[in-house]
Ligand SMILES: Nc1ncnc2c1ncn2[C@@H]1O[C@H](COP(=O)(O)OP(=O)(O)OP(=O)(O)O)[C@@H](O)[C@H]1O
């Protein structure tokens, strides 16, 4: 990420965007700064760069709020969130330099240290393997906490856990995300079902070997829904490659996607024997939240 001199500054890569950050501070500062954000930038990096660009006191704690649309509420963003993923959901005309009156911008807010500490009572991580202590209780706590922040996907290394949100989350399934996750190593961006589809698709093309994504979970946990997102992503990825027939093949595979108990038993035997990776490129575990 770099600071920019103004609206005319060229983008360094196709996925970079220029955003405005408006400081909301007790003291007088310049109105706003412009920052160029790229695919790897998190909210934390944006806050750091805005503090430098606005020449603010770096010993203070700041947070970033997103305003998405005129008159919309200000949404506080998590430090590790990928900021480009949010900006890509803004209307195209607001994804380059634009006036604040159009309603899409970020606010840099001075937050007190105590407030920050209360808000981070438990550690959060995109990958449960990164937790400092991996107990069942800790893992469930993190998943629950993420779910309440509308983060339904979490990795355990290259296994994806998908929690059924029971409502359509447009933030996750915007068609632009297929492109964003294309050719990205697993774990580089926030956990997503499209990342799983991309890994399977690339491995199939590179190794010229059939791939299998196993989806497991109790009834109503979102297996069918997850497979339709996978199919959507795979068919989109297959367009524009020499494997154009993939679309027809995948759509025709509906009946065999729902396999019987015997097959599951076989699949789990392979996992138990440590042969998982020979049989499945990836595993998606779907989870239904208990209402109590
Ligand atoms: N990712 C998701 N986003 C939005 N809604 C979802 C998602 N996953 C599941 N749901 C909701 O939960 C309902 C149940 O999901 P789904 O039919 O996929 O479960 P299932 O695991 O296939 O169940 P069964 O094993 O009984 O067939 C869906 O009809 C949908 O409303």
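Including glycine, each Cβ sits where the backbone N, Cα and C put it.
The domain 'Ras-associating' annotation in TrEMBL covers 15-113.
Per TrEMBL, the feature domain 'Myosin motor' maps to 123-292. Mean pLDDT for the domain 'Myosin motor' (123-292) in this predicted model: 76.
Residues or ranges marked as ATP binding site in TrEMBL: 217, 218, 219, 220, 221, 222, 223, 224. The Cβ neighbour count for residue 221 (ATP binding site), using a 10 Å radius and every protein chain shown, is 19.
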Candidates near ligand 1 among the binding-site residues 218, 219, 220, judged by a Cβ under 6 angstroms: 219, 220
Count of other CB atoms lying within 10 Å of the CB belonging to residue 219 (ATP binding site): 6
